[in-house]
Amino acid sequence: MNKLFSILLTLFLPLFFHLTPESEEFGPVFLQEPDDAIFSLDSDDKKVIMNCEARGNPVPTYSWLINGTIVDPEGDFRYSLIDGNLIIHNASEAIDYGRYQCRAENSIGSVLSRDALLQFAYLGAFSGRTRGAVSVREGQGVVLMCAPPPHSPGWYSLSVLWVFNELPSFVAEDSRRFISQETGNLYISKVQPSDVGSYVCQVKNTVTNARVLSPPTPLTLKTDGVMGEYEPKIEAHFPQTVLAAKGITVRLECFALGNPVPTITWRKMSGNIPKKARLRKSQAVLEIPNIQLEDSGSYECKAENTRGGTAFRGHLQVYTLPQWISMINDTQLDSGEQLRWECRATGKPRPTYRWLRNGEPLNSQSRVEMVNGELIIHRLQQTDSGMYQCIAENKYGAIYSSAELKILASAPMFSTNPVRLIATVGKDVSLECRPRASPKPRISWRKSDRRVQIMLLRNNTLRIINSSRSDEGSYVCRAENQFGSAELTTMLLVKEPMRVELNPVRVEVTVGESVVLSCKVTHDPSLDVSFLWLLNNQPLNTQQEGGHFEYIQTSSTADLMIRSILLKHAGKYGCRAQTSADSVLAEAELLVRGPPGPPGVVIVEEITDTTATLSWSHGVDNHSPITTYNVQARSPVSLGWQTVKTDPEPVTGNMESAMAVELNPWVEYEFRVVATNGIGTGDPSTPSRAVRTKEAVPSVAPANVRGGNGRRHELVISWEPISEEFQNGEGFGYIVAFRANGTRGWKEKMVTSADSTTYKYRDETFPPLTPFEVRVGVYNNKGDGPFSEVVTVFSAEGGEGQMCSLQAFAISSSEIKVIWKPPNPGPGRPQAYEVSFWKDMEQEETAKKKRTTGNETTLLLTGLEGNTQYLISVKGFNSAGQGPASSPIKISTKKNAPSLPPGNLMWIQEGNNVSLSWDPVKARDNESEVIGYKVLLRQEGRGHSQVMRTPNSAVVLTLPEGGTYIIEVRAVSEGGEGAASAQVRVLTSSVCINLLLVFIFLLIYIFLKVLII
């Protein structure tokens, strides 16, 4: 029986604990609260839905209040509840307008939702009564009244336009005409003859989208004269006090009648108008979006014309709804304890607070205090359990914070019992006693049926000082309150303390070497020991160290091997040995010698045109003295960092400054320093700020000075440009000097662009290929630099002459071969030729061009259209330019090749001989006549084909043995080859015999298998 009970307990106990959290009861918590709603009475669906949803355990039930009165769905058929949602059928403004609240309730308590205002939207019709005409003098101001019909919600839901004479002609607003969206009236500051007509006010409800039109109001002019000028009179303006909720857009209106038309200006009496504000409708509307508290204040609009001015001033007051700063949270307390809850909210006006318990007002009593959002309940009782709500409200709105108060009442209970505790001799021991109980229980300790008074701490923990073997035994903690009692037994064992030795205690190694740290433990053999290695008091993760660390462990030792040591492995190593009774740490120090660390930031103390005085600070030497420093520089034109010469040379390890020498003038440099010691070279310092050396006269002359090419009578001189690194200053340029061979004076020309590589000099007097002595120098703002070596450069060649004896031959329907003779000998030597060709019906400007690769005098034109006449001309060109084109000649391509392939191929195979025949191909009128056929023979799997030509429509082929062959036929004409026939596949005799033998052997194999069966 006991065994069966144990099995059942094993099966169902986990299930019980798994279900317990889900089955824990809690009060209602809103998931969705009702929102303000506007219902259109024009809607076809006369049904209003107010949403409400809450979670809780048990599942909550719902009820609703309208204007504080409970809604009875059973007594009024117009109301129904689906889950927590309230549905109102045949809703009407007279009965259903008001504020709604949802109540969610279960056995724990109940909560009320926030208020939700239900409004009804509609727009009535204008009165049909005829409106009288309005008659004014020209130049006089006028106000046409709209008088909108009954509507809901308020003015903010209406949009007003005025129709002039008939739809869709609407009054356009400007500095003279204004439509107020506050009154709906049309204001004309100064009437003109063009204003005479019929005016209709159109009102739209933006919620229902319904529109209505007023009866027309005629506007006429009096005939007794024109109105003279008069000062402005403000007829439309914002209220004396404007209340606005924080975050909305505020529109302040101001418009005046007057002659001349008044100008409207705005100002804020204290401070400036917000930068985000915008002026609309010719400054008649001041619009302030996203209104904030600092936008509050007095605003003034002023209307002025040449006759005078007037102003209106009103106050904008911004309010804010309450917003939570701190809210209340679910709380569990023991009976008899004190509850202190505080909720805080901001708002303008400042919010006031009230409290609800289970949806009902909570009043101050002898045990209950409520002051400025703070609730205090003294000496809690079980009846105080339930759902509480703090409400923060001002006259513009209210917010709710809900929480559950649970009063605990339970007998003492221990989660684990008994407890086994192991300590070591000489150490203090703490025996805890922490039962779950409500209210707090009374605690007492005993050992072996007698009370103990060693040391009892405030939290009921029993503390034994300097424990010894005599302290071993069973200790019992007893907890007791009015609901019951429980005991906890702690078995205390006292063992000898553990000792740990770590060797070596201090060790020095060099980067790349290996070392072993040995950790040995002496401990009570009845206890298991575990090890943990630390580096600088942090657990050592060998998996993240790239194989540098390895553990070697036995029951009482733990060695740490460190391979290929790096600088980062230096530090304090700890071996922590731990048993269930004790934890002991031993430490050792590892010093790693390595290359030095980076020196301190490099500072440029002084700069000249070729030197820079630098200073820095020593970096760490990593336990090996620094021997030398290496100074490096980088510029925009260098290939990364380069070592520079220094003064002194070398820079020894005890120095913190040096001079970089032999730098280039007017170059922007960064400097860094690298330290070296007996182990190696370390990382570089952080680079210095970029500095530029001073300017100097250029010192490098251009290289590779050369020339040639160009047009007739031109001398072209070119050189390699000087890189920015060697320009030595601003205003860099080139001096090009030249003279004809045999003359004395040099001509010098300035080239001001530093990027230039060429200079051209033109003189009609010197003949082609005249030799010149040439040199190129450099200069900048500091002065002239050196010239290059003198070289000889020839002037340009003469131009090309005209081609002679141009001929062309049609090769096929798409090819023409062109042949010509070079021009008569002259000053210019042709480098290549250019052939132009175009159709007879096209202009020469559209010609296609094709060049020879050298001075060849023949060219094949391809990709031409068949049976088409072309014009062709040729001209030569060299470095001096193009020569004249030859006179064009005409030539026609041949007709296109036959488009039909040979058909009805038939063949007879006798051994390796194949007799092949086909139907002759007949050319069409626009195709070339067939002059023969081409037979292509190719072995399958190979790309090479054998070709046989024949004038007939039949041929005999001899095929080699051992393969499959593919045969196709094409017609041949002057226009080229025609389309290919269908392919013929032929197997030679040896292949056929092999297939036959395979077939015979297969039959024999099948026959033998049948006999065996």
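Positions of Cβ are set from backbone N, Cα and C atoms, glycine also.
Heads up, TrEMBL stuff is auto-annotated, nobody curated it.
Listed ranges 680-705, 862-887, 940-965; the one TrEMBL annotates as region 'Disordered' is 680-705.
The average pLDDT for the domain 'Ig-like' (322-406) in the predicted structure is 93.
In summary, the domain 'Ig-like' (28-113) lies against the domain 'Ig-like' (322-406): three or more C-beta pairs, each 6 or more positions apart in sequence, are under 8 Å. Residue counts of the domain 'Fibronectin type-III' (901-991) by helix, strand and coil are 3 helix, 56 strand, 32 coil (DSSP-based). As a summary of secondary structure, the region 'Disordered' (680-705) carries 0 helix, 6 strand, 20 coil according to DSSP. Applying DSSP to the domain 'Ig-like' (497-591) sorts its residues as follows: 6 helix, 54 strand, 35 coil.
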